[in-house]
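Features as listed in TrEMBL:
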REGION    A:1-40  region 'Disordered'
TRANSMEM  A:46-66  transmembrane segment
TRANSMEM  A:78-99  transmembrane segment
TRANSMEM  A:106-122  transmembrane segment
TRANSMEM  A:128-150  transmembrane segment
TRANSMEM  A:157-176  transmembrane segment
TRANSMEM  A:196-218  transmembrane segment
TRANSMEM  A:238-261  transmembrane segment
TRANSMEM  A:281-299  transmembrane segment
TRANSMEM  A:306-325  transmembrane segment
TRANSMEM  A:331-347  transmembrane segment
């Protein structure tokens, strides 16, 4: 990675570039454990590198034994389908967190993009393709605004996106007047979340395609190297010739685009749109990123682990219902499972 | 690139101006929004209208733009008017200090609040000088419709209104109450989404001579000596449960699941009442699960998983309509029809009414009458202004919708 050497330099004092609370350390790109695992056996290496996957597999085996219907083809595809929207939006959140920034407006972007697409179909009667482009562009535009707030106006991303969360969430409610938008005109979007190709739900295929693209982007392109470099040390990255602000603004825009796609998927899944369409997505999206081991201080984390985490989250609700756990206990158990997974993940890294 | 700034100082100012202009433009979209009830997006906002101004749209369907918001935060957080808890309510000596009316007893019905012609004339005579403060979050269909009902009644009585949208933020709600008091408002109708955090501000307002009527809750009547106009969650749950039992009765040992929302105590009361009514009305039916719903997405996700565990699941009863929509989708995904699956919801949103009218899986919903709730709250104020008497607790009836 071209920025690796520079990133290890000590950050000069008086740096005006917003920098995450990282200490100067080698940029290791997509592999956070490089340099700490040499000499370990293959089993330990497997656990160290893919701990979350191992935890997911243990949970899956438990559910397969303890329930009748978990490990059926139908249910597995159902869980994957249920994880798809969160999974796609989590890609954008991962990219931003890798930069050492945060985006709290992801759920609100999903809402606005979804609502505007739905209104385009219901009120304007546009073609489904146009509505899809509207959703994607609205998401990208909102992401770009986030990016400009963070880079051009130097507003801390937590505060900038917190403000945008309120603005976009409010706009979504204004656009719906507090009502739920629905109608047969939304049917053309149905394939996005309810269609099948060769027996596989299309949203699952879409999610995996997005993750493959994200993996390639992060691991096989200069852009990915820059994202990790900026996340590790923006000052050093700048000195190495990386256009830090451009990388950040571009990444926020890309995350917005993915949130727009999430909005379309959510409208398609529910065949309806409301002001709160994406409100409940923010917490699971951030949870998926953190559970996936992406460092909130930036520069460390693997996109494939976020995919595993997104699927893991979906298995919790599904698994607990199949286990017959009631609503009250579900809250307790799902929280406990998350904490246990995080604890095991940290333990295996130690 | 400068290394620090993508844009220079001048262009930075242009970007800032552009962003502000964009925000204004986005806000302008609200003029086209249906319903017309939402008044603000980013901060606690006050809008005033004169008594002669047109009231907002009369959309009467309640609930849940955000699914749970309407049905949970909007609905009374604890047992409300008509519940046994009222018997322990405190004295009402401080109530009505801003008006010349008085308490007529502990409980009453919305019919009791209907103003006589003389009372209407008396209110209209004073109306131009009286502003009713309306404090509520507007980002849910249910509350937007409650506020619409209140504004329409105020307009009918010739009262001015000042609406504060506090967006489910208790701190903004407290500030909103304080601001209304400082404006000189003597009558207020409020929704308290966080009663412990907001009741202090209500008491302080009452100490300033303000009369407070709470809709969708009873803490103001119970703890602050004011008035309550609300549905009873037990009535709501019982009605939904009875509707479900009536359907289940003809279907034998049908498996039924409850979509609950455990984090809201008032909704749990609703769900408990559903279970009791189903057991009483259709003893042969089997309630196989009680899981979290509340939003369409959560209702869909939960119902899809329930159908994996219980492929013969024949009914879902939801604490709100939004969760029910998800259940309908899950049933449809499992190739079920109205002949072998049913859904009953609460709120009777416009979408629910539409689905019920289509005669499919969504069979019934219970109307929480938000418009009537808002209307009754302002009628109570009208009565007090006219020197009439008002019960401390007024129960808003619920109505089952099956066609």
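Numbers here mean position along the shown chain, with the first residue as 1.
The backbone N, Cα and C atoms fix where each Cβ goes, glycine too.
In TrEMBL, annotation is done automatically, which means it is predicted and not curated.
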Discussion item. Can you work out which residues elsewhere in the same chain, 6+ from the ends of the transmembrane segment (A:306-325), have a Cβ less than 8 Å from its Cβ atoms?
Written reply: 52-53, 55-56, 59-60, 63, 66-70, 75, 78-80, 82-83, 86-87, 90-91, 94, 207-208, 211, 284, 287-289, 291-294, 333-334, 337-338, 341
Worksheet item: Counting Cβ pairs under 8 Å that sit 6 or more residues apart, are there three or more between the transmembrane segment (A:106-122) and the transmembrane segment (A:331-347)?
Response: no
Worksheet item: Do any residues of this chain, six or more beyond the ends of the transmembrane segment (A:78-99), have a C-beta under 8 angstroms from a C-beta of it, and if so which?
Response: 20, 106, 110, 143, 157, 193, 201, 203-204, 206-207, 210-211, 214, 218, 227-228, 230-231, 247-248, 251-252, 254-259, 261-262, 265-266, 269, 278, 281, 284-286, 288-289, 292, 294-296, 298-301, 303, 306-307, 309-311, 313-315, 317-318
Worksheet item: List, by number or range, the same-chain residues at least 6 past the transmembrane segment (A:157-176) whose CB is under 8 A from its CB atoms?
Response: 18, 96, 101-105, 107-109, 111-112, 115-116, 119, 142, 145-146, 149-150, 273-277, 279, 282
